[in-house]
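The structure appears below as structure tokens.
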Amino acid sequence: MLLLVGLGNPGKRYAETRHNVGFMIIDAVARGFFFPEFCSKHDALVSIGNIGTHRVMLMKPLLYMNRSGTSVLSCTSMHKIAPEHITVFHDDVELQPGTIRVKLGGGSGGHNGLRSIDSAIGKAYWRVRFGVGRAELCNLSDYVLSDFENIAQVTDLVNSVAANLQMLLDGNAAGFVSKVTSV
């Protein structure tokens, strides 16, 4: 089984913020591949379904960003999911808006959600970085917890990530990035 984790914060207040783009992607995947309704497990919302030939668990941790690793560890321990079968979708302020990068392993880049997951399961999992840019005159925390200016454009990119996800799961990361960013 593969585990796809979207990072974000629970609650309507954060629903369309930059920091919640991981949740947005997981929701788009669930809709696009007709996953069953999410249920509460592992201090997260989870749903299990199929993407092509892959059995997949979708996860949205509910412990807030800086404790996401607790949910991921609980799930991976129970279901015996190896780190290389985990893909985490998250915002990245170091990438320009509309930019997507895929990487196996690496550091947290100052992202508290990744830092939490790194300390819980190590660093050998896949990351899909979703560029949200950085506001020069704004506190970083305030910036990532603020709503996107153009949610329609973000929604198009999020839907493109979901629509092309099977390519990534089949091992074609370069093709996935190329297809998603051509939107």
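Here the Cβ of each residue, glycine as well, is placed from N, Cα and C on the backbone.
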Per Swiss-Prot, Tyr14, Tyr64, Asn66 bind tRNA; matching candidate in Asn50, Asn112: Asn112
Would you list, in sequence order, the residues of this chain other than Tyr14, Tyr64, Asn66, Asn112 that have their CB within 8 A of the centroid of the site's CB atoms, where the site is the one recorded for tRNA? Asn9, His19, Met65, Arg67, Ser68, Gly113
Between the recorded positions Asn9, Asn112, where is the Cβ count within 10 Å the lowest? Asn112
Nearest to Asn66 (tRNA binding site) by Cα distance: which of the recorded positions Asn9, His19, Asp91 is it? Asn9
Helix, strand or coil by DSSP: which one applies to Asn66 (tRNA binding site)? helix
Close to Asn9 (site 'Discriminates between blocked and unblocked aminoacyl-tRNA'), taking Cα pairs within 10 Å and only the recorded positions His19, Tyr64, Asn112, are His19, Tyr64
Least surrounded, by Cβ count within 10 Å, of the binding-site residues Tyr14, Tyr64 is Tyr64
